[in-house]
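Note sheet for the following structure.
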């Protein structure tokens, strides 16, 4: 009887460990509820679509490929099913793209700036994330987060955002890993070379925070996600600072860097 109990306990421990490990395959562990006050969720027709980043009380930065008609933006959200008491909702008042025709590629101009229909108030779970003051440094440890699938290729979408730490690589690593990428690009390359941690479907537009600075946001990556030697590609915020700041200042004819 004692032996049976010991074996049963070992089995429970094994299953518990396996479950925790599977949760780390794509998006990491559940984010601390207080670490993502700037993270927003983009919805279309009641369905979660993408992430984004609040950069001041009236503006959100995300990926151009996340654009949809009749979008709703949720701020201060942690659980999709259990709202925070200070959760707020907005819709876009205006959307801005690098190209008036919304032309973008996997390596260029996948960026959208959204002006909210009314400003949001800072609260327990809502606060903007500052734009970067310095360029990103290769070798940095970066934080990723989002409500995207935590398994791939089969998709499992969590109720709460997951967070993980990954590394910032030289762009040449992504250039060698993904066919079709040009020799240079205004994107960042980040991931874990041994695989197992990555952003994935549903994480698009969510932030890449390196050494505490908002350096990028999710653009695209390999399929399946989190494969060895296939880091993800992130739009580089620092290269678009002038365009972002000009648009916010009212210069809506500003152009993105070539």
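The backbone N, Cα and C atoms fix where each Cβ goes, and this holds for glycine too.
Note that the coordinates shown come from a computational prediction; the quantities given were computed from them, not determined experimentally.
Look at Swiss-Prot and you will find 25-249 tagged as domain 'Peptidase S1', backed by sequence analysis.
Look at Swiss-Prot and you will find 31-163 (among others) tagged as disulfide bond. Residue 163 (disulfide bond) is surrounded by 19 other CB atoms, counting those within 10 A of its CB over all protein chains shown.
According to Swiss-Prot, the disulfide bond annotation covers 50-66 (among others). Counting only residues at least six positions away in the same chain, the Cβ atoms of 42, 49, 50, 52, 112, 204, 205 sit under 8 Å from the Cβ of residue 66 (disulfide bond).
In the three-state DSSP assignment, the secondary structure recorded for residue 65 (active site, charge relay system) is helix. Summarising the environment of residue 65 (active site, charge relay system), the number of other Cβ atoms within 10 Å of its Cβ, over all protein chains shown, is 18. The active site, charge relay system annotation in Swiss-Prot covers 65 (among others) and is backed by similarity to another entry.
Per Swiss-Prot, the feature disulfide bond maps to 98-256 (among others); the stated evidence is sequence analysis. The 10 Å shell around the Cβ of residue 98 (disulfide bond) contains 23 further Cβ atoms across the protein chains shown.
Under the heading N-linked glycosylation site, Swiss-Prot lists 103 (among others), citing sequence analysis as support. Other Cβ atoms within 10 Å of the Cβ of residue 103 (N-linked glycosylation site), summed over all protein chains shown, number 11.
Here Swiss-Prot flags 110 (among others) as active site, charge relay system. Contacts of residue 110 (active site, charge relay system) defined by a Cβ separation under 8 A and a same-chain sequence distance of 6+ are given as 63, 64, 65, 104, 219, 220, 235, in order along the sequence.
Swiss-Prot lists 121 (among others) with the feature N-linked glycosylation site. In three-state terms derived from DSSP, residue 121 (N-linked glycosylation site) belongs to neither a helical nor a strand segment and is classed as coil. Around residue 121 (N-linked glycosylation site), the same-chain residues six or more apart in sequence whose CB sits under 8 Å from its CB are 57, 88, listed in sequence order.
The N-linked glycosylation site annotation in Swiss-Prot covers 122 (among others). Neighbour count (other Cβ atoms within 10 Å of the Cβ, all protein chains): 13 for residue 122 (N-linked glycosylation site).
What Swiss-Prot lists as disulfide bond is 142-210 (among others), and the listing cites sequence analysis. According to DSSP, residue 142 (disulfide bond) sits within a strand segment. Neighbour count (other Cβ atoms within 10 Å of the Cβ, all protein chains): 22 for residue 142 (disulfide bond).
The feature N-linked glycosylation site is assigned by Swiss-Prot to 154 (among others), with sequence analysis given as support. DSSP assigns residue 154 (N-linked glycosylation site) to coil in the three-state reduction, outside any helix or strand. Within the same chain, no residue at least 6 positions away in sequence has its Cβ under 8 Å from that of residue 154 (N-linked glycosylation site).
What Swiss-Prot records for 170 (among others) is N-linked glycosylation site, and it gives sequence analysis as the kind of evidence. The Cβ neighbour count for residue 170 (N-linked glycosylation site), using a 10 Å radius over every protein chain in view, is 12. For the recorded site, residue 170 (N-linked glycosylation site), the DSSP three-state label reads coil.
Annotated disulfide bond per Swiss-Prot: 174-189 (among others), in sequence order. Long-range Cβ contacts of residue 174 (disulfide bond) within its own chain (separation 6+, distance under 8 Å): 181, 187, 189, 231, 232, 233.
Secondary structure from DSSP puts residue 225 (disulfide bond) in coil. Of all Cβ atoms in the shown protein chains, 26 besides its own fall within 10 Å of the Cβ of residue 225 (disulfide bond). Look at Swiss-Prot and you will find 200-225 (among others) tagged as disulfide bond, backed by sequence analysis.
If you look up Swiss-Prot, you'll see 204 (among others) marked as active site, charge relay system, on the strength of similarity to another entry. All protein chains shown were included, and the count of other CB atoms within 10 Å of the CB of residue 204 (active site, charge relay system) stands at 25.
For residue 251 (N-linked glycosylation site), no same-chain residue lying six or more positions away in sequence has a CB closer than 8 A to its CB. In the three-state DSSP assignment, the secondary structure recorded for residue 251 (N-linked glycosylation site) is coil. Summarising the annotation, Swiss-Prot assigns N-linked glycosylation site to 251 (among others) and lists sequence analysis as the type of evidence.
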Quick one: mean pLDDT on the domain 'Peptidase S1' (25-249)?
94
Nearest of the disulfide-bonded residues (31, 142, 163, 210, 256) to residue 103 (N-linked glycosylation site), judged by Cα-Cα distance:
256
Any idea what the Cα distance is from residue 200 (disulfide bond) over to residue 170 (N-linked glycosylation site), rounded to a whole Å?
20
Could you list the residues of the same chain, at least six apart in sequence, whose Cβ is under 8 A from the Cβ of residue 31 (disulfide bond)?
78, 145, 160, 161, 162, 163
